[in-house]
Ligand SMILES: C[S@@+](CC[C@H](N)C(=O)[O-])C[C@H]1O[C@@H](n2cnc3c(N)ncnc32)[C@H](O)[C@@H]1O
């Protein structure tokens, strides 16, 4: 059994000073039968007077642990308490606390790593505490998650992880400091591999349950990935490993405004492997890059660049100047389509139903031949700006579960639920039907998701095109991607993967309207 991206750390030489109450009852399996599940749970309340933006603790309380851990704790607590997004809330907290450089990087690693692994950490904490994590006070529980992550997945010396966690608990949940000390010492007695052997079901008896614990993903997501990967669990495990790695930031050098090779030189990055616009950034804040600040480049996963460019690579006959982006917010693909439209004398209509996201599209496409419509994309044929059979190329980058970009959103694997699928797939079908009505005969529609879930990909495309009432042919999407891209499958649709292509798991289907 592998311990994944755990760094080696010295064995803990310390004997536990005291044990958690009930740890002598430590079960071989935790109470919830060895499966990671959604963190939080009943009884989750607010931490004591702590301000998630500034990270300040309760008045009069002991100064909590060091600032990086304090920032990570505040971000993790905000995610679980307020349903915050880690990437957004952590930025606010780091700014509020004035953390930069190594402290900010350490806080980010702790936050993202803990949130990714939380389902597995909870099993280990429950086993060490002798009680389900739902029965641990939320502030103490989050501090223990952060502490257990340091013990099991980082090079932080065990004594530092224990002491800093106990200090943190003393600050956020003073009554639980002794308990936290005992739990942390209990966890530190056993290696990660041994913990996993203890809390995970055996691979032979329950392969998905095993992978769920070892690679920290909910089982339903693993099943969905495995189905999309043809049932190959070894390949699925490679994907799960990749999902747990910090992703490289990709930039898109906007065609006509910047050149990827020059941009890579300027930022100390490297040109992307596949997209002619992509640059891989190895460190540094993208917002500090002049080309990003002045609109010559933007942050965008290479897979997103590839699927947007594929829409424009599909051959069509006749007019080719009216392009539609039916789900445009926050504007990444609209920015790329608009840049190419400027070169080709085309115009883009960018539709976005959420007003604040429509404003983001306006900012992202400033100076480009893009008109933003803050409206519902399903109004094609009813909205005078969205007449039927009027666009030459249409992109439907549909709202989806985002299961293809779990690397970038550490909390999202635990927050998403299977119940999210039915309303999303209904909306996806309706948007695809609208797109097929908006495109002119002979024109093309690209249906895209950043999820590989078959219900959001193949099933939506088949059902949506059937219900649209227009006749369509599938265009083989593989030749619309750059030559030399490996493992694109049998076509005509394409599924990109983090572990195969280094991109988010973007799905692409290209349909030509034939009547
Ligand atoms: C996957 S995101 C699009 C990402 C975008 N294309 C980009 O590259 O930056 C889906 C977007 O569709 C929007 N959306 C959801 N329902 C919609 C609808 N009925 N009509 C238009 N946009 C919708 C969401 O608000 C969200 O911004």
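From the backbone N, Cα and C atoms, a Cβ is placed for every residue, glycine too.
Annotation comment: TrEMBL describes 1-31 as compositional bias 'Basic and acidic residues'.
The region 'Disordered' annotation in TrEMBL covers 1-69.
Under the heading domain 'SAM-dependent MTase RsmB/NOP-type', TrEMBL lists 225-514.
Residues annotated as S-adenosyl-L-methionine binding site in TrEMBL: 327, 328, 329, 330, 331, 332, 333, 352, 376, 397. Following the DSSP three-state reduction, the secondary structure of residue 333 (S-adenosyl-L-methionine binding site) is helix.
Feature annotation from TrEMBL assigns active site, nucleophile to 450. Neighbour list (residue 450 (active site, nucleophile), Cβ cut-off 8 Å, at least 6 residues apart, same chain): 301, 303, 304, 400, 402, 403, 404, 405, 504, 505, 506, 507.
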When the binding-site residues 327, 329, 331, 333, 376 are compared by other Cβ atoms within 10 Å, fewest goes to 376
Consider each pair of residues in 327, 328, 329, 330, 331, 332, 333, 352, 376, 397, all listed by the record as binding S-adenosyl-L-methionine, and report the largest Cα separation in Å as a whole number. 19
Could you check what DSSP calls residue 327 (S-adenosyl-L-methionine binding site) once collapsed to helix, strand or coil? coil
